[in-house]
Amino acid sequence: MAAPKVAVVGAGVIGLSTALCIVETCPSSSVTVLSDQFSPNTTSDVAAGMLIPHTYPGIPIHVQKQWFKETFTYLFAISNSAEASEAGIHLVSGWQVFKSTPKEELPFWSDVVLGFRPMSKAELQKFPQHRFGQAFTTLKCDCPPYLLWLEKRLKAAGVQMYNRKVADLWELHREYDIVVNCTGIGAHQLVGDKKLFPVRGQVLQVHAPWVKNFIRDGDGLTYIYPGIHRVTLGGTREKESWSLSPDPGTTKDIFDRCCSLEASLQEAQDIKVKVGLRPSRQCVRLQREVLSQGGVKLPVVHNYGHGAGGFSVHRGTAKEAARLVGECIAALQGSSSRAKL
């Protein structure tokens, strides 16, 4: 059989990482990325890119932990390499603080991040409104440079990238042997997934180079994440809102909330506002499906619906999607050898 042609639809962090994992695990395949938006215009470009996992109710915890561990290990290696700056990846220490002690004082990911421990009384004095906290070091990914770094890796591996709006996965069946759907919130329309819904996130990016530590309120709504050049302040979680227009009232609310955690931010300069729609569902859709029309079959692998936690698990789910693509290739090769018999 000739090299199987694989189309990855979507060029956010999930699509690009999945394409890279397919290249690495199925080297005999020919991979193409198709998307109507590339960086800097993807949802991933707005993401804060902090590796602090969210919990998916519909997925076993050991699976989520594996995804996070694989992602952390992968990015940690980049952060320790000469490419760290270009890829926009660095370690950042800080605190997650709670107004009351959480039921789960040790989250499932506590032994994956570095140096996880309860905060001391002295540290908690910085946050008089909060009664409990956790201190740890994790990784922060500045998303636009990371997406460009992934694109560069893909191009070096011979992957083609085309700006193309795919209206129906079936339209690709004449050109490709396998299609991988990494369209994020676009899957709502593309494959009619009614379980998928947007959670609108508005963030501010400010110039405040003196802020070196991350601070995250345990409710996950208010956070301060220092990047290489700018600090991301957040945020919002507005379910079922499709609006991409920044809201000035929300901007003020985010800024005030962040200043209540870190008063020095009052002096922050050059505030930029960004909005993204997190592709949310009860659990990530990571599965194989075979589309068929008139006796013609098209194997599809879905990898979307990561919600607010996409960056924390992107490499782990990409590896799993690549494994499923490998299964599709094996099935195709099996059927083509049977056809020869």
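Placement of Cβ uses the backbone N, Cα and C atoms for every residue, glycine included.
Taking the Cβ of THR43 (FAD binding site) as reference, residues of its chain lying under 8 Å away and at least six apart in sequence are, in sequence order, GLY12, GLY184, ILE185, GLY276, LEU277, ARG278, PRO279. Annotation source TrEMBL lists FAD binding site at THR43, SER44, VAL166, THR183.
According to TrEMBL, the D-dopa binding site annotation covers TYR223, ARG278.
What TrEMBL lists as domain 'FAD dependent oxidoreductase' is 5-324.
A Cβ distance under 8 Å defines the sequence-distant neighbours of the signal peptide (1-19), meaning residues of its chain 6+ beyond its ends; these are 26, 28-35, 37-39, 42-44, 47, 143, 146-147, 150-151, 154, 159, 161, 166, 169, 172, 175-184, 186, 190, 303-304, 306, 310-311, 314-315, 317-318, 321-322, 325, 329, 332-333, 336-337. As annotated by TrEMBL, signal peptide applies to 1-19.
Using a 10 Å Cβ-Cβ cutoff, TYR223 (D-dopa binding site) registers 24 neighbours.
Around THR183 (FAD binding site), taking its Cβ as the centre, 29 other Cβ atoms fall within 10 Å, counting all chains.
Across the binding-site residues listed here (SER44, VAL166), the residue whose Cβ sits among the most other Cβ atoms within 10 Å is SER44. The binding-site residues recorded for this entry are SER44, VAL166, THR183, and the Cα of SER44 lies nearest to that of TYR223 (D-dopa binding site). All protein chains included, ARG278 (D-dopa binding site) registers 24 other Cβ atoms within 10 Å of its own Cβ. Across THR43, SER44, VAL166, THR183, which the record gives as binding FAD, the greatest C-alpha separation is 19 Å.
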